[in-house]
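Student: Heads up, here are the entries from TrEMBL:
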type: DOMAIN; residues: 1-92; note: domain 'CFEM'
type: SIGNAL; residues: 1-16; note: signal peptide
type: DISULFID; residues: CYS43-CYS50; note: disulfide bond
type: BINDING; residues: ASP47; note: heme binding site
Amino acid sequence: MKLLTILFFGVSLAMAQAPTPVTTVMPTCATGCLAAAATSIGCATTDIACQCVSSSALQAQAAPCVVASCGVFSVQSVLSAGSAICSSYATA
């Protein structure tokens, strides 16, 4: 679980250039997991800024679902996509 948290955090940090549409970078297997996790931490599914600010909580909530939905070998792709998205919103 610590590895997943580190991976999700790494993705969250790597997402900061121009806003990137979530659908173009996020693996589709993870979108439902992330939407449910966002809601559970009090962020709207469309509020990327809230999700990025609360990335640790989002990652903790989403990790088990992402592993179940995408497989352990896809976690890095999900993390990378998350980082790219948050990075783009951080600099927008």
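Placement of Cβ uses the backbone N, Cα and C atoms for every residue, glycine included.
Automatic prediction, not curation, is the source of TrEMBL annotations.
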Student: If you count other C-beta atoms within 10 angstroms, which of the disulfide-bonded residues CYS43, CYS50 is the most crowded?
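Tutor: Of the disulfide-bonded residues CYS43, CYS50, the most buried by Cβ count within 10 Å is CYS43.
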Student: DSSP three-state call for CYS43 (disulfide bond): helix, strand or coil?
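Tutor: In the DSSP reduction, CYS43 (disulfide bond) maps to coil.
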Student: Within 10 angstroms of the C-beta of ASP47 (heme binding site), what count of other C-beta atoms is obtained when all protein chains are considered?
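Tutor: For ASP47 (heme binding site), the 10 Å Cβ neighbour count is 13.
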